[in-house]
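Have a look at the structure below before the remarks.
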Amino acid sequence: MGREDRFPVWEAALLAGVAAAFATGLVGVYLSMPHSDYSFLKLPRNLQELQILTDHLEDYTNDYTVQVLVGYCAVYIFMQTFMIPGTIFMSLLAGALFGQLGGVALVVFAATAGASSCYFLSKLIGKPLVFSLWPDKLGFFQKQVAKRREKLLNYMLFLRVTPTLPNTFINLASPIVDVPYHIFFLATFIGLIPAAYVTVRAGIALGDLSSLSDLYDTQSIALLFLIGIVSVTPTLLGKNEKQQGKASEVAASSS
């Protein structure tokens, strides 16, 4: 393995430093809470574990709102930053604890912050990882970004709203294919609202949810794709206008 392919010590130190910062925040939250049995505090991996966590946290949310909010955001952002699966359960938890409006605002904030953290971390050290995990997908994404540079926000919105590409891939690959951060941020912040609304609404009625497949019924998926199509329409119209303009120029020059 060449020297350039190795994982430098400073990059490992950076990852450890970011993880330590999140851990310090969680420890601070833990120390500010009353003495009790917190064995229920673990990342839920199924709806049953999520229901148990929700039942316990409901008792603390009213009296220790700030601590619960800080702890929630730290965990969500950490999971997004380091690509840990399970954020859908965190979105459901937000709905169960904070209701529709508060839950959507919390999820969109935490998801955008986590995606931004992942973006900048990938910009520093993520290129070898993305190339090794998704070489073909990265090439496709790079070509699409280059083709849609003038209407890039619309294209990134389309990707965020629809399940065309995984969000984890978008977070990691965007800085590598030169998606500007302000475009990435706006597309993430706005594009995650529809999906956040769906999951938070389901979290409010968590007891009625039998499986994760119940989250996205045909109507919800169709709505997300409709929003995605609307977001990418300006790009398609701009492309057609360019083609028509070129055709007019060719016709004028040949006459």
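Residue numbering: from 1, along the chain as shown.
Each Cβ is built from the backbone N, Cα and C atoms, and glycine gets one as well.
TrEMBL annotations: computationally assigned, not manually curated.
Some features that TrEMBL has for this protein:
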type	residues	note
DOMAIN	84-203	domain 'VTT'
TRANSMEM	12-33	transmembrane segment
TRANSMEM	69-94	transmembrane segment
TRANSMEM	101-122	transmembrane segment
TRANSMEM	179-200	transmembrane segment
TRANSMEM	220-238	transmembrane segment
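Secondary structure by DSSP for the domain 'VTT' (84-203): 101 helix, 0 strand, 19 coil. Residues 14-15, 18, 69, 72-73, 76-83, 87, 90-91, 94-95, 129-130, 167-168, 170-176, 181, 184-185, 188-189, 192-193, 196-197, 199-200, 203-204 of the same chain sit 6 or more residues outside the transmembrane segment (101-122) yet have a Cβ under 8 Å from a Cβ within it.
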